[in-house]
């Protein structure tokens with residue numbers, strides 16, 4: 001009986017360790033970022049199939065290769081980012097529990113896991129089209145080298161540079177089907193590129209003290225909240241004309257885009273009268289998340305019929 005109990009306890013401990021290790025891995029690859037980028041990748045691919053008149057089920061191999069491949073390169077890039085930033089992540093409340101900081105994942109494990117994931121992802125994208133793999137590589141290079149290693153710790157423009165890499169998933173999805181980049185694909189890229197800047201600036205306001213502690217030159221740290229609020233308004237306003245370039249997808253998508261943009265702009269302007277900037281920044285951040293999810297999912301749903 002005693003031996004049986006010991007064996008059961010040992011088995012439970014092993015299961016807990018496996019669960020913890022899996023959670024640490026998901027934290028390393030920033031699974032939330034991977035999942036959100038799956039939405040935009042799928043939308044780009046779906047619209048390419050829709051406009052080209054191609055069957056979704058008839059191209060299921062391309063769909064799976066693209067979704068898995070893009071997920072792998074994003075996961076790998078995030079792992080490399082965690083490896084590189086481990087020396088500053090312990091200074092910020094938001095990142096101090098990352099497994100590369102706590103020691104649950106060794107630096108070499110994080111680095112080589114990231115490299116392996118990126119390599120596998122690029123191979124899978126190459127099995128769709130060369131262009132998809134090239135764009136995937138550009139996204140990885142921009143995020144890992146231009147953003148993480150170069151601009152993040154040096155320039156306030158880091159947010160703009162990082163937004164380039166975050167905008168390539170729909171291009172990957174599109175080119176995996178088409179092999180070239182159409183007008184709609186470029187509009188999706190521009191929407192995501194511009195969207196990310198007010199999204200991350202709102203987050204930067206919320207986490208200003210974290211970034212200041214880590215000596216990361218985010219806009220609100222260097223120039224203050226008022227300048228950051230004006231920049232947010234400018235970038236949200238830049239989204240206004242983009243839905244008009246999606247007319248080929250139908251009037252409902254154009255109208256939805258305009259309504260989302262107007263709502264975001266109004267909320268942004270309210271920041272100049274808000275007495276609680278942290279509450280306003282949180283509202284802007286949450287709105288941005290809903291904006292991206294609603295608009296990109298709607299593009300798929302509204303083109304089903």
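Sequential numbering from 1, following the chain as shown.
Cβ coordinates come from backbone N, Cα and C, glycine included.
According to Swiss-Prot, the transmembrane segment annotation covers 38-58 (among others), on the basis of sequence analysis.
Counting residues 6+ beyond its ends, the transmembrane segment (60-80) has Cβ neighbours under 8 Å at 28-31, 33-34, 37-38, 41-42, 45, 110-111, 113-125, 127-128, 132, 136, 139-140, 143-144, 148, 165, 169, 172-173, 176-177 in the same chain. Taken from Swiss-Prot, the feature transmembrane segment applies to 60-80 (among others).
Positions annotated as transmembrane segment by Swiss-Prot, on the basis of sequence analysis: 115-135 (among others).
Among the features that Swiss-Prot reports, transmembrane segment is placed at 157-177 (among others).
Residues or ranges marked as transmembrane segment by Swiss-Prot: 181-201 (among others). Sequence-distant contacts of the transmembrane segment (181-201) (same chain, at least 6 residues past either end, Cβ-Cβ under 8 Å): 40, 43-44, 47-48, 51, 131, 159-160, 162-164, 166-171, 174-175, 218-220, 228, 231-232, 235-236, 238-239, 242, 245-246, 248-249, 264, 268, 284-285, 288-289, 291-292, 295.
Residues or ranges marked as transmembrane segment by Swiss-Prot on the basis of sequence analysis: 227-247 (among others).
Within its own chain, the transmembrane segment (249-269) is flanked in space by residues 47, 50, 184, 198, 229, 232-233, 236-237, 239-240, 242-243, 283-284, 287-288, 291, 294-295, 298-299, 302-303, which lie at least six positions past its ends and keep a Cβ under 8 Å from the stretch. The transmembrane segment annotation in Swiss-Prot covers 249-269 (among others), and the record cites sequence analysis as its basis.
As annotated by Swiss-Prot, transmembrane segment applies to 285-305 (among others), with the evidence given as sequence analysis.
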So what's near the transmembrane segment (38-58) in sequence-distant terms, Cβ-Cβ under 8 Å and 6+ beyond its ends? 66-67, 70-71, 169-178, 182, 184-185, 188, 192, 248-249, 292-293, 296-297, 299-300, 303
So if I exclude everything within five residues of the ends of the transmembrane segment (227-247), which remaining residues of that chain have a CB under 8 angstroms from its CBs? That is, six or more out. 183-184, 187, 190-191, 194-195, 197-198, 201-202, 204-205, 219-220, 253-258, 261-262, 264-265, 268-269, 271-272, 277, 284, 299
